[in-house]
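Pulled from Swiss-Prot, these are the features on record:
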- 1-11: compositional bias 'Polar residues' (COMPBIAS)
- 865-886: compositional bias 'Basic and acidic residues' (COMPBIAS)
- 887-896: compositional bias 'Low complexity' (COMPBIAS)
- 641-809: domain 'DDE-1' (DOMAIN)
- ASN104: N-linked glycosylation site (CARBOHYD)
- ASN260: N-linked glycosylation site (CARBOHYD)
- ASN461: N-linked glycosylation site (CARBOHYD)
- ASN915: N-linked glycosylation site (CARBOHYD)
- 1-33: region 'Disordered' (REGION)
- 840-897: region 'Disordered' (REGION)
- 69-89: transmembrane segment (TRANSMEM)
- 132-152: transmembrane segment (TRANSMEM)
- 192-212: transmembrane segment (TRANSMEM)
- 222-242: transmembrane segment (TRANSMEM)
- 303-323: transmembrane segment (TRANSMEM)
- 333-353: transmembrane segment (TRANSMEM)
- 393-413: transmembrane segment (TRANSMEM)
- 418-438: transmembrane segment (TRANSMEM)
- 465-485: transmembrane segment (TRANSMEM)
Amino acid sequence: MAASTKPTTKLSTEEDDVSRRDSESSADFMKSNEELQATMIPEDDGANPATGQPTWTILSDTEIKSVLVVASFAAAISPFSTSTYYPVVTAIARDLGVSVSKINLTMSSYQIFQGVAPTITAAFADTYGRRPMFLVCFVTYFVANVGLALQNDFTTLLVLRCLQSTGSSGTFALAQAVTADITTRAERGRYLIYATLGSTLGPFIGPVIGGLLVKFLGWRSVFWFLLCMGTVFALLIFIFFGETARPIVGDGSIPPQSWNRSYLQMRSKGVSNLKPNLASLERRKSRPNPLTSLALLWDRENFILSVSGGLLYAGYSSVTSVLASQLQQRYKYDAVQVGLCYLPVGFGSLLAYRTTVRLMDWNFEREAKKQGLVIVKNRQTDISRFDLEKARLGFVFPMILVCSGLLVAYGWQMHYHAPLAPILVTMFLIAIILTGVMNAIAALLTDVNRENAAAVGAAMNLTRLLLGAGAVAVVGPLNKSAGIGWTATVTAGFSYNVNTKGIQTKRRAAAIFEVSRATLHRRCDGKRARRDCQPNSKKLIQQEEEVILKYILDLDTRGFLPTYAAERGMADKLLSTRGGSPVGRDWPRNFVKHKAKYSILDEDVYSFDEAGFMMGKITTQLAVTGSERRGRPKAIQPENREWVTLIQGINAAGWAISPFVVFAGQHHLSAWYEEDIPRDWAIAVSDNGWTTNEIGVEWLEHFIKYTDGKAVGVRRLLIFDGHESHHSLKSRELCKENNIYTLYMPPHSSHLLQPLDIGCFSPLKRAYSREIEALICHHINHITKLEFLPAFKAAFQRSFTSANICSSFRGAGLVPLQPDIVLSKLDVRLLTHIPAASPEAPWEAKTPSNRKKKQIQKRGTLTKGEGEDTLAQKEADQQIEREQRQGGEQSGRSRQALARSLEALEVGGVAHSLNGSFV
């Protein structure tokens, strides 16, 4: 993993110095990252390295509670419209002249639409936002209440109750979606009391208000009251409620569309200083799909959870729906007294948020601690490796058993006309337990379907209300035939058996969920999957390991050498914060071994450097010299000292990148691209044939283009010297964008550590010299770019072989890495050798090649293939132009010749004799 570290000019081998330096670096890093503690961390605005999760919302705790309270009161119109209707059933039946059973059908139809309508509302809310759909629901609700207050027949009552349900029920699913938008999984139970405050108060306040209204003002006043209440809640949404949908506003830092802002947001003239966090935006659905809720129910887990919650709600509905009629028949209570009897149900639901719902959060944190998961305030918990079902449903099944027993007790108490006090206490306990169970199931459904929070809320709403409507429709006739005691017993037994014993054997469960029996047995015994469990020797949790990785990369960025001592010191610091023992001696080595994805493979190690060629410098020519002179005499062509630069890269696996040649000049000439060189060779031009910062960037782009498809790992290492053109700002940005790590060699060490200098450039120049010797033998002693390219091609193919490249890296001690060899090479005194001057015999070159050269591009870089294509296009254009011009000239010359012939015939006096034949 340390392949990307940068060597320095002064290397210390003292272990004490290394340990002291690493300790200081780790202390600085810990000081600059206070959030590294693997405990409950206060909220802030940035991402937390202990969890790797960003801040979930910019809203403060008070703002979250305020938003949830407004949304919950808006959602209260649905249960409020249901419960206020209970005391007026008898009065409406009497005034309309129909039976109570028919009026009960309006309650069943209300619940059916209460389940179906949210599927449409949720689909539009996930696309266009929560706030617009709240307002649409309220407009529909207003129209229905006005009609209900003015109607006079049963059919109109039935239709308008369905419309009222359509407008009111959508708000319940929207409130659930708002809760998922601004609260995390670990904190959802704590905020549920605010998110469901309105919907909890509605069922037990509604009957009281309905009873008072029907007693003193008549049953029509109930619907006028609902209209007024809905107007107040709609004004709260219009004035105070801001958009929360994460596909639109993200974590709240992104402003919504102008038409989707609250009245306070539109009136506010201040400009927010918050920087929009675009990363918090979730994928937005292109169009609403009302069938999304049904598609979610098609999933087995969602279906089982929804049906379980629906059956519990059906049992609850069977209790509350017949309570009013039973109290009036058995205890002769009036509407007000019946309404007051619903108060224990409401108080029980409120108390549930201080008992059973808090128990849900406690169980979540307990399971997270067992599984090594860090819970951080205002940050979403990663559940990819977390047993979420056990955390949410660990306490549910015992509570279902207790709730079923209480339901049976309630039925037989009513059957034997027991005193009212134990009946109300039983209802109070049922409300406490049932609210906790229902919220646990709803939280689990929301957790596993976070991106479709509104749709999954509508799916659960659909299931429970359809089952509740069926229970309400059946419970009346069943009470008459079997009595309320047996009705409650059958309902409780059915709910308990389906929820706890629906799948009798593990063999059957394995067949249903398509898993092996052995796997299912291990899961039932509490054994986790191998990919989800940590070895016993693994002291650090995943988040702590990520902190160490960040620390190592930080050391590398600042130029320090990450060592095993540094890794061990950082790990011990993290463990000491939670009372853990230090890591073992071999832990750093094993840590690096297990984090292979952060290392750089040998196949992804590259080196590049420049080499210069002076085209006027050619090799041996025949000359008379002293017999004792050693070596091959050289001759320099005085008329041509043009410089050519080669920028070459090689890979440690034994292959070379296409050459990048820099010529002196202003334009790319067509003749260069007529030579027989590969199409992927690149040619650039500069004023003097040397490399520049711009050319360095162009070569880096050439390198990225050539090596992107050949990378084995996720990182590439590029080794080069410290020339200015190698580390310009643009070059560093390109390397960072493409995950390229750079390794600068110490000054004056490239001849010792650069693989190209060690084993490639020397053979290349010798091979090039032999090619020029061959040209001399053919009487070509003036070398231009046109002679250089084919000669260089032959020399390159002979010298850049796989064996030479591999031996170059091996000789430099880089691949395979041999630190001792590298350090021993650096421990030398660098001397500058000044060769003695030697006279050179002047000579006169022959006439150079006179091949026609055309300018095809100014500046920039062209590969051989691009040059050929440009040249071919220009030649085609010139040929077309030439043919058009020649055609015009030919026709002009023909007309002139004809005129001269006629003039000559007339002058000779023979025009009359030849006129006929001419014509």
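Residue numbering: from 1, along the chain as shown.
The backbone N, Cα and C atoms fix where each Cβ goes, and this holds for glycine too.
These numbers come from a predicted model, not from an experiment.
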Requested in this report: Count, for each of 132-152, 192-212, 303-323, 418-438, the Cβ pairs lying under 8 Å from the transmembrane segment (69-89), and report the range with the highest count.
Outcome: 192-212
**Report entry** ASN104 (N-linked glycosylation site): tally of other CB atoms within 10 A of its CB
**Finding:** 19
Query raised in the report: When the compositional bias 'Basic and acidic residues' (865-886) is classified with DSSP, how many of its residues are helical, how many are strand and how many are coil?
Result: 22 helix, 0 strand, 0 coil
Query raised in the report: What is the pLDDT of the domain 'DDE-1' (641-809) when averaged and given as a whole number?
Result: 86
Report task. Count the CB pairs under 8 A between the transmembrane segment (303-323) and each of 132-152, 222-242, 393-413, 418-438, then give me the winner. Result -> 418-438
Requested in this report: Measure the Cβ-based neighbour count of ASN260 (N-linked glycosylation site), defined as the other Cβ atoms within 10 Å of its Cβ.
Outcome: 18
Report summary line: Long-range CB partners for the transmembrane segment (465-485) (under 8 A, at least six residues beyond its ends), listed in sequence order, are 101, 104-105, 107-109, 111-112, 114-115, 169, 307, 310-311, 313-318, 321-322, 326, 411-412, 414-416, 491
**Report entry** Integer Cα-Cα distance in angstrom, ASN260 (N-linked glycosylation site) to ASN104 (N-linked glycosylation site)
**Finding:** 40
Report task. Would you count the other CB atoms within 10 A of the CB of ASN461 (N-linked glycosylation site), including those on all shown protein chains? Result -> 30
Report task. Determine which recorded stretch among 222-242, 333-353, 393-413 has the most C-beta pairs below 8 angstroms with the transmembrane segment (192-212). Result -> 333-353
Report summary line: Residues outside the transmembrane segment (393-413) whose C-beta sits under 8 Å from one of its C-beta atoms, at least 6 past its ends, are 312, 315, 319, 356, 359-360, 363, 367, 422-423, 426-427, 429-430, 433-434, 436-437, 440-441, 444, 484-489, 491-493, 495-496, 499-500
